[in-house]
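**Q** Handing you this structure, nothing more for now.
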């Protein structure tokens with residue numbers, strides 16, 4: 001689909017950058033010659049907009065071998081960022097999709113500045129082409145035909161092989177993020193823990209990864225009482241899923257991802273209200289993020305060792321469901337007093353973290369739609385983060401900045417640890433109260449990471465959006481897929 005050329009050679013549509021400068025760029029000036037000065041007139045009349053994310057369509061009327069030009073407003077060069085570029089190109093590709101364009105090109109060099117080189121632009125363009133045009137996979141009987149972009153040409157004077165490589169990496173990042181989106185959007189009667197495990201196994205087999213899927217009896221043998229407690233009320237069997245990618249000859253410096261895989265969350269006996277329960281099919285967003293990252297890793301084959309662990313079940317009410325006041329024993333041996341059955345994700349993750357360590361993880365990153373508290377604190381754009389190791393956190397932070405998936409660190413103080421350790425009956429309690437709820441959840445998980453370098457990512461606010469946006473429709477976002485993959489790709493770099 002993606003190709004590289006030095007010159008335009010007849011396309012339905014070409015995407016061109018337009019900055020808010022006193023003079024037209026050399027690329028636009030060259031086009032203006034073919035248009036006999038008409039582009040300059042359109043700019044002066046403000047019919048070509050340079051405002052950020054503005055899309056201006058100009059028909060060539062036979063003046064060039066391109067049918068239409070789509071000028072993408074980027075604002076002033078000094079405020080130009082990768083985030084600006086992603087949003088603007090996302091809108092541009094959605095515009096092309098609405099016009100049913102099948103053959104398009106991008107004048108890559110017109111987007112290059114001192115801040116962003118052609119490789120950056122190529123990566124983002126290919127990534128955003130997938131993200132921006134993603135459509136919800138629905139179960140409607142009346143399905144409309146989708147017109148796909150079949151050919152996309154990057155026009156540049158830069159090295160073709162380097163640009164092709166960047167396009168490939170960007171495309172893989174976008175596609176894997178969309179895979180995660182599709183998982184999160186699936187209804188819970190379709191995506192059970194068993195189906196999630198089957199998906200993970202297919203992924204592992206496709207990319208020649210080792211894998212393990214523990215059944216209930218094996219979990220009992222290993223003492224995974226926290227995950228099993230959450231599963232107690234369900235007719236669906238639990239799964240502890242592990243994918244193992246060996247990118248080095250020696251099994252060392254292993255990065256462990258742990259993704260929350262609660263396929264539906266009613267809250268259990270600490271029952272959610274109706275409005276709080278609808279949408280809880282997305283409570284496995286952490287698992288989807290981890291699987292999306294493993295898809296990228298499988299495609300790009302970085303020289304790193306990676307484990308992905310997903311504790312999966314639903315959390316429902318029944319005569320056998322676990323209850324507030326229960327005391328359970330986790331795989332780590334630590335006992336937990338259950339004060340809230342709707343704080344089930346941290347219980348599943350506790351055993352997931354311990355299992356990842358057992359499999360050899362030297363570094364841990366857990367990802368979970370864990371708390372409403374993080375949404376109150378940070379909103380729907382920023383992922384909450386907590387850590388016991390600043391060096392590892394800095395690497396995660398740098399990866400998130402590269403992918404424009406912002407994270408913000410929340411604290412863990414000794415008094416927070418005292419709150420999760422405050423129980424008359426057990427080593428820990430799973431819900432000390434609403435105050436500092438996001439911090440309490442992360443602090444609880446830190447009790448299981450112990451001395452292993454660990455970062456916790458709470459994506460409750462960022463995993464889904466209520467409305468359409470520049471990088472896709474309402475629904476799942478695929479949050480943290482690209483950040484996790486970029487962390488692996490860059491891990492250990494100075």
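Glycine too: its Cβ is placed from the backbone N, Cα and C atoms.
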**Q** Quick check on the annotation: Swiss-Prot has 260, 265, 283 binding Mn(2+) 2, so which of 164, 198, 344 does it put in that site too?
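**A** Record source Swiss-Prot; matching candidate: 344.
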**Q** Fewest other Cβ atoms within 10 Å: which of the binding-site residues 283, 342 wins that one? Let me know.
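**A** Lowest Cβ count within 10 Å among the binding-site residues (283, 342) is 342.
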**Q** Using other CB atoms within 10 angstroms as the count, which residue among the recorded positions 260, 272, 346 scores least?
**A** 272
**Q** For the recorded Mn(2+) 2 site, whose residues are 260, 265, 283, 344, find every other residue on that chain with a C-beta no more than 8 angstroms from the centre of their C-beta atoms, and list them by sequence position.
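**A** Apart from the listed residues, the neighbours are 230, 262, 280, 284, 315, 345, 348, 368, 369.
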**Q** Please state whether DSSP places residue 265 (Mn(2+) 2 binding site) in a helix, a strand or coil.
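**A** DSSP call for residue 265 (Mn(2+) 2 binding site): strand.
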**Q** Of the recorded positions 272, 342, 346, which sits closest to residue 260 (Mn(2+) 2 binding site) by Cα distance?
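**A** Checking each of 272, 342, 346 against residue 260 (Mn(2+) 2 binding site), the shortest Cα distance is to 346.
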**Q** Can you tell me how many other Cβ atoms are located within 10 Å of the Cβ belonging to residue 344 (Mn(2+) 2 binding site)?
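**A** Around residue 344 (Mn(2+) 2 binding site), other Cβ atoms within 10 Å: 29.
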**Q** Would you count the other CB atoms within 10 A of the CB of residue 265 (Mn(2+) 2 binding site), including those on all shown protein chains?
**A** 27
**Q** Per DSSP, residue 283 (Mn(2+) 2 binding site) is which: helix, strand or coil?
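**A** Reduced to three states, the DSSP call for residue 283 (Mn(2+) 2 binding site) is helix.
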